[in-house]
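Trainee: Let me give you the structure first, and then I'll get to my questions.
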Amino acid sequence: MGNVIRVQHLNYTYPEAKQQALTDVSFDVAKGEWLAIIGHNGSGKSTLAKNLNGLLAPESGTVQVAGMTLSEETVWDIRAKVGIVFQNPDNQFVGATVADDVAFGLENRGVPRPEMIKRVDEALDRVGMTAFADREPARLSGGQKQRVAIAGIVAQRPEIIILDESTSMLDPAGRQEVLGVIRELKDELGLTVLSITHDIDEAAEAHRIILLNDGKINEIGTPSEIFSHGMELLRLGLDVPYSEKLKDALAQRGIAMPKDYMDNERLVDYLWTLHSTM
């Protein structure tokens, strides 16, 4: 598959700042890929997300999305391709009801009403929120609010969804609820997903991970490759998945463990299989 995003030698400095927020950042994202971008607070993750759809303009370097180079002439076309779900959904809500809120972006784009109603219904159905169409967004749970925010993006039919710390304010159940929705949408619609996060378990969902540190790319690799550097992640203010900690502890006790990353469920299956052979 071809690349849907290409970033080359991207630099960005905030006005009045003494230090660059992003320094010589380069990477590609394949169509249909799930890419996680992790790093400590202030590492440049959200700045990078905002440079990808023109909320911020690169100081130098280039950003290409769906074959278009980001510029004043292309920014609105690129924003039609990229939807961002932010950390706090309350800051995105503008409609009196869930359905009104999902329709808001379509109204701004002049989508005819019959088509708008169809898209709103489809989007709410895809995220499992049809029964809440007439509810006030403020009365929903955190996970439900993020599902509505995702529906508002999906209704606009983007090619790329960026999750900018979208699960950081949710409890574990709400986090899994939202990630499950994104997983299904990615598979059903062929979406490309960029997950900006410091949550290691969320990053584990990705095909590849970019590790940012002080605005620079520290490493790019698969979850297995990134999580194998446990002490390095801890030094950078990040965590290591529980399953990786357990694998390391078992390996130190002389138990043969696979090198590939395993989530909790796969690790339990492996340990049961190992136990049955003893």
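Every residue gets a Cβ built from N, Cα and C, even glycine.
According to Swiss-Prot, the record shows the following:
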DOMAIN    5-239  domain 'ABC transporter'
BINDING   Gly39, His40, Asn41, Gly42, Ser43, Gly44, Lys45, Ser46  ATP binding site
ACT_SITE  Glu165  active site, proton acceptor
Trainee: If you take the centroid of the Cβ atoms of Gly39, His40, Asn41, Gly42, Ser43, Gly44, Lys45, Ser46, the listed ATP site, which other residues of that chain have their Cβ within 8 Å of it?
Mentor: Thr47, His198, Leu212
Trainee: Can you tell which of His40, Lys45 has the most other C-beta atoms within 10 Å, given these are the binding-site residues?
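Mentor: For the binding-site residues His40, Lys45, the Cβ with the most other Cβ atoms within 10 Å is Lys45.
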Trainee: How big is the gap, in Å, between the Cα of Gly39 (ATP binding site) and that of the residue listed as 'active site, proton acceptor', rounded to a whole number?
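Mentor: Gly39 (ATP binding site) to the residue listed as 'active site, proton acceptor', Cα-Cα distance: 11 Å.
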Trainee: Hey, how far is Gly44 (ATP binding site) from the residue listed as 'active site, proton acceptor', Cα to Cα, in Å?
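Mentor: A Cα-Cα distance of 12 Å.
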Trainee: Taking Asn41, Ser43, Ser46 as the binding-site residues to compare, which has the smallest set of other Cβ atoms within 10 Å?
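Mentor: Output over binding-site residues Asn41, Ser43, Ser46: least Cβ neighbours within 10 Å is Asn41.
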Trainee: Secondary structure at Gly44 (ATP binding site) (DSSP, helix/strand/coil)?
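Mentor: The residue in question, Gly44 (ATP binding site), is coil (DSSP, three-state).
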Trainee: Do you know offhand how many angstrom separate Asn41 (ATP binding site) and Glu165 (active site, proton acceptor) by C-alpha?
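Mentor: Distance (Cα to Cα, whole Å): 11 Å.
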Trainee: Name, in the order they occur in the sequence, the residues of the same chain whose CB lies under 8 A from the CB of Glu165 (active site, proton acceptor) and which sit 6 or more residues away.
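Mentor: Spatial neighbours, sequence-distant, of Glu165 (active site, proton acceptor): Lys45, Ser46, Phe86, Gln87, Ile196, Thr197, His198.
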Trainee: Work through the binding-site residues one by one (Gly39, Gly42, Gly44) and point out the residue whose CB has the fewest other CB atoms within 10 angstroms.
Mentor: Gly42
Trainee: Restricting to the domain 'ABC transporter' (5-239), what is the model's mean pLDDT?
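Mentor: 89, rounded to a whole number.
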